[in-house]
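These notes concern the structure reproduced below.
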């Protein structure tokens with residue numbers, strides 16, 4: 001079991017509650033219950049719910065179910081705009097400060113979990129003490145040869161260099177740029193800032209086991225269609241057609257909403273056999289929703305939990321008939337201790353779900369494994385030996401079809417060379 005709260009936040013007197021979890025698990029419902037109990041207001045952290053209108057396909061919590069609780073950073077971005085994480089950070093910080101100023105508790109809720117990473121984890125500040133780069137430094141940073149940049153980083157900060165593949169050009173370049181601009185090794189900076197939060201933050205993870213969750217998600221898609229989701233998708237398509245968008249332009253912005261791209265072939269009628277069944281589009285929407293939920297769980301376990309050193313409380317929303325006991329009352333008890341500055345008496349996770357946090361602990365240990373493994377058998381397209389970072393990826397490489405094929409080829413070549421030598425000796 002993971003122990004110990006996350007230390008080092010910048011403002012211990014100001015509280016923030018974060019509710020993480022997959023789509024359709026009940027985050028909005030829980031946020032209303034906590035807001036009512038603790039005089040809170042909700043801040044949306046879902047990248048699709050920031051867009052105006054289309055409340056059904058973006059799954060905005062219905063106004064009539066919000067119990068008068070104010071919601072911030074929601075329903076304010078035009079469809080023509082792309083919404084970036086730096087804008088979310090600005091808007092979310094403004095909302096948090098406003099809510100705190102009025103003596104209330106901000107409750108951050110949403111499915112775009114990387115927003116939480118951007119908001120709560122302190123990042124490297126290169127501007128406060130930024131140095132002017134020399135011509136030589138600029139030449140190195142602008143080099144198109146990954147080896148030049150990587151080898152320079154190895155000399156300047158070997159610890160941070162081990163965390164990146166030599167061909168990970170952009171990240172290696174960024175680390176070297178930080179070193180040049182601050183005069184400080186990025187590895188030292190990251191170690192100092194790794195567990196710093198901007199506020200005293202309680203992380204709650206609302207979780208449901210996959211099978212019942214997926215059934216609820218399928219049912220939700222059916223319910224959305226009954227409530228008018230198809231009309232909203234057609235509304236989006238009308239805007240899409242009027243502005244002459246193409247499918248290739250639908251990788252960003254409002255077009256990422258689940259439902260639009262799944263129904264686009266049906267709306268355009270453009271397929272190989274010119275026939276698209278509405279039922280197939282509905283099934284694709286359900287499939288993509290389930291896939292999205294899987295990615296969200298993976299992100300929480302592999303990114304969020306390691307970032308906050310396991311300082312998170314898991315709530316079981318698997319059985320909705322037990323919602324009040326397993327989710328609502330447990331969340332209220334945890335939040336009450338947190339807000340009152342008392343030690344939290346509740347366990348991090350119910351016994352049946354402890355393994356989820358244990359896996360997060362394993363991930364944290366694995367994240368510290370930055371050993372470089374060089375394969376003497378396999379080479380990249382540029383002729384260099386393949387490099388794997390960390391034991392996990394080394395084992396994956398060793399078990400890959402590519403490695404096994406190269407190993408067999410080398411063995412056959414070695415056997416052939418041995419045969420030639422033996423034959424030559426026999427003849428002589």
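Note that Cβ sites are derived from N, Cα and C of the backbone, with glycine treated the same way.
Taken straight from Swiss-Prot:
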| type | residues | note |
| --- | --- | --- |
| BINDING | 21, 22, 23, 24, 25, 26, 27, 28 | ATP binding site |
| BINDING | 23, 24, 25, 26, 27, 28 | dimethylallyl diphosphate binding site |
| BINDING | 375, 378, 397, 403 | Zn(2+) binding site |
| REGION | 46-49 | region 'Interaction with substrate tRNA' |
| REGION | 170-174 | region 'Interaction with substrate tRNA' |
| REGION | 199-207 | region 'Core aggregation region' |
| REGION | 210-232 | region 'Interaction with isopentenylpyrophosphate transferase' |
| REGION | 284-302 | region 'Interaction with substrate tRNA' |
| SITE | 112 | site 'Interaction with substrate tRNA' |
| SITE | 193 | site 'Interaction with substrate tRNA' |
| ZN_FING | 373-409 | zinc finger |
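Here the features listed in Swiss-Prot are painted onto the structure.
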residue	record	DSSP (3 states)
22	ATP binding site	coil
27	ATP binding site	helix
112	site 'Interaction with substrate tRNA'	coil
375	Zn(2+) binding site	strand
397	Zn(2+) binding site	helix
Number of Cβ atoms other than its own within 10 Å, given for residue 397 (Zn(2+) binding site): 17
Nearest of the binding-site residues (375, 378, 397, 403) to residue 26 (ATP binding site) - Cα to Cα: 397
Nearest recorded site to residue 24 (ATP binding site) by CA-CA distance, among recorded positions 112, 375, 397, 403: 112
Least surrounded among the binding-site residues, given as 21, 24, 26, when other CB atoms within 10 Å are counted: 26
Listed binding-site residues (22, 23), ranked by Cβ neighbours within 10 Å, top entry: 22
DSSP-assigned states of the region 'Interaction with substrate tRNA' (46-49) in counts, ordered helix, strand, coil: 0 helix, 0 strand, 4 coil
Local confidence of the region 'Interaction with substrate tRNA' (46-49) - pLDDT mean: 96
Beyond the site residues 375, 378, 397, 403: chain residues whose C-beta lies within 8 Å of the centroid, for Zn(2+): 377, 386, 388, 398, 400, 402, 406
Spatial neighbour of residue 25 (ATP binding site) that is closest, considering only the recorded positions 112, 378, 403 and their CA atoms: 112
